[in-house]
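Annotated [4Fe-4S] cluster 1 binding site per Swiss-Prot: 16, 19, 22, 260, in sequence order. The [4Fe-4S] cluster 2 binding site feature in Swiss-Prot is assigned to 26, 241, 244, 256; the stated evidence is similarity to another entry. The feature [4Fe-4S] cluster 3 binding site is assigned by Swiss-Prot to 181, 184, 189, 224, with similarity to another entry given as support. The annotation [3Fe-4S] cluster binding site is assigned in Swiss-Prot to 193, 214, 220. The feature domain '4Fe-4S ferredoxin-type 1' is assigned by Swiss-Prot to 7-36, with sequence analysis given as support. As annotated by Swiss-Prot, domain '4Fe-4S ferredoxin-type 2' applies to 172-203, with the evidence given as sequence analysis. Taken from Swiss-Prot, the feature domain '4Fe-4S ferredoxin-type 3' applies to 205-234.
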């Protein structure tokens with residue numbers, strides 16, 4: 001058993017209000033510079049929709065992630081020989097039109113224009129070419145299902161649903177999906193990089209790019225199934241979400257988590273067995289990948305696991321943080337968090353609690369007071385949102401989605417009964433595999449958790465480096481145009 005520690009995140013989609021605060025603060029922190037105008041390390045998509053970049057979930061087009069070939073894992077982009085043969089021609093990556101052409105406005109026209117009969121107009125100007133342009137797409141073009149009746153049907157998750165219910169999806173529900181790099185346990189981007197510039201940090205599992213080693217091959221861009229690796233056209237280097245590692249090293253949460261208005265994000269440590277990773281990612285049936293990844297995780301409260309972890313060099317503070325991890329409770333204990341597209345076989349480490357509110361609003365009506373006994377049959381009958389969430393989070397297995405939504409529904413019903421001094425059927429609680437204490441713990445963590453409850457982050461264990469907290473905001477990369485550069 002080879003034990004490793006990994007920083008992970010869980011997002012509660014039931015609380016996301018789609019305000020894009022996380023996107024704005026992330027962009028102002030990391031990609032507010034030349035060459036990175038089109039990059040959003042964090043973006044919020046409205047689903048159903050084709051997302052950013054367009055149709056990023058269509059791996060037949062982009063060849064991202066892993067596939068099984070004769071029982072062995074192989075990159076969907078092909079073998080090493082195939083990638084070497086096409087080293088100077090990689091057609092499977094998004095173009096700027098798939099992201100969007102960034103623009104600004106010619107505000108000088110407004111301030112410097114002489115008196116005219118007609119009001120001057122600030123026309124959009126491309127940030128790439130400097131020419132005037134027509135705006136045809138943007139990173140949140142589909143916000144709140146804008147144009148969803150057109151682009152929504154092109155969503156790969158919708159296309160996998162039954163033909164008879166495709167055309168009705170936009171009348172059923174919508175949801176927000178915040179996305180960052182998944183910092184996968186089995187990252188395809190790391191394995192595909194010809195120059196070895198992509199790497200996964202040993203101490204915390206964060207996936208980063210060695211800017212000095214990057215040679216602009218861009219196989220990381222196409223091989224990432226979540227399309228969260230970008231190419232900086234100014235520096236000719238790959239860039240991606242860093243999980244704000246300078247903040248994590250100082251024991252602080254990521255900037256997207258810190259500024260989240262809905263408080264949907266949770267950060268914590270997970271221990272996993274590195275020897276089981278290949279086996280977990282190689283299961284034949286895609287619907288078994290969720291359970292196989294659960295088997296990779298280790299119980300930090302097990303004395304034997306804690307002892308072995310300490311012997312293998314994991315600091316005591318990290319083991320203690322893993323024992324108090326909020327994401328361990330949601331992923332392992334309560335099983336209400338699910339991985340995004342586990343069928344990509346990358347074993348992602350940003351998990352999601354599926355949203356119950358769209359389904360409840362449809363069935364109950366806003367402000368209604370239906371009981372869990374009434375809602376359970378409705379959850380079973382609502383094929384469209386259940387099927388869609390299953391394509392998104394469980395490789396098409398609807399049983400896990402139904403189980404999670406029923407747990408969330410029982411939690412709502414139980415806490416409503418507690419608040420109004422009413423009783424609730426104990427069999428209803430036991431039917432979802434939870435106890436009253438677990439439901440109360442779920443409520444505290446999901447609804448009223450304090451800052452220190454949501455973010456359990458051990459500081460870095462580098463005794464011989466300088467003060468990381470004091471150095472935040474100072475020089476990062478040494479070349480001009482790099483993130484955090486002083487030049």
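Every residue, even glycine, has its Cβ placed from backbone N, Cα and C.
Positions of the features from Swiss-Prot, shown on the structure.
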residue	record	Cβ neighbours (10 Å)
16	[4Fe-4S] cluster 1 binding site	23
26	[4Fe-4S] cluster 2 binding site	24
181	[4Fe-4S] cluster 3 binding site	24
193	[3Fe-4S] cluster binding site	24
214	[3Fe-4S] cluster binding site	22
220	[3Fe-4S] cluster binding site	28
224	[4Fe-4S] cluster 3 binding site	30
241	[4Fe-4S] cluster 2 binding site	28
256	[4Fe-4S] cluster 2 binding site	25
260	[4Fe-4S] cluster 1 binding site	22
For residue 22 ([4Fe-4S] cluster 1 binding site), the number of other Cβ atoms found within 10 Å of its own Cβ: 29
Contacting positions for the domain '4Fe-4S ferredoxin-type 1' (7-36) when only residues 6+ beyond its ends and CB under 8 Å are counted: 42-44, 46, 139-140, 143-144, 175-178, 180, 183, 204-206, 230, 232-235, 239, 241-244, 248, 254-270, 326-327, 330-331, 337, 349-357, 408, 446, 457, 481, 483
Assigned element (helix, strand, coil) containing residue 26 ([4Fe-4S] cluster 2 binding site), judged by DSSP: helix
Segment-level pLDDT (mean, integer) for the domain '4Fe-4S ferredoxin-type 1' (7-36): 96
Largest tally of Cβ atoms lying within 10 Å of a Cβ, found at which of the binding-site residues 19, 184, 189, 244: 189
Minimum Cα separation from residue 16 ([4Fe-4S] cluster 1 binding site), reported as the residue among binding-site residues 220, 224, 241 that achieves it: 241
Distance from residue 184 ([4Fe-4S] cluster 3 binding site) back to residue 26 ([4Fe-4S] cluster 2 binding site), taken between C-alpha atoms, in Å: 20
Distance [Cα-Cα, Å, rounded] between residue 19 ([4Fe-4S] cluster 1 binding site) and residue 256 ([4Fe-4S] cluster 2 binding site): 12
Rounded Cα separation (Å) that holds between residue 224 ([4Fe-4S] cluster 3 binding site) and residue 193 ([3Fe-4S] cluster binding site): 11
Candidates 22, 241, 256 (binding-site residues) - the one closest to residue 193 ([3Fe-4S] cluster binding site) by CA: 241
By Cα-Cα distance, the member of binding-site residues 22, 181, 189, 214, 260 nearest residue 241 ([4Fe-4S] cluster 2 binding site): 181
Composition by DSSP (helix, strand, coil) of residues within the domain '4Fe-4S ferredoxin-type 3' (205-234): 5 helix, 7 strand, 18 coil
From binding-site residues 181, 184, 189, 214, 220, the one whose Cα lies nearest residue 260 ([4Fe-4S] cluster 1 binding site): 181
Rounded Cα separation (Å) that holds between residue 184 ([4Fe-4S] cluster 3 binding site) and residue 220 ([3Fe-4S] cluster binding site): 13
Cα distance (Å, whole number) from residue 22 ([4Fe-4S] cluster 1 binding site) to residue 189 ([4Fe-4S] cluster 3 binding site): 24
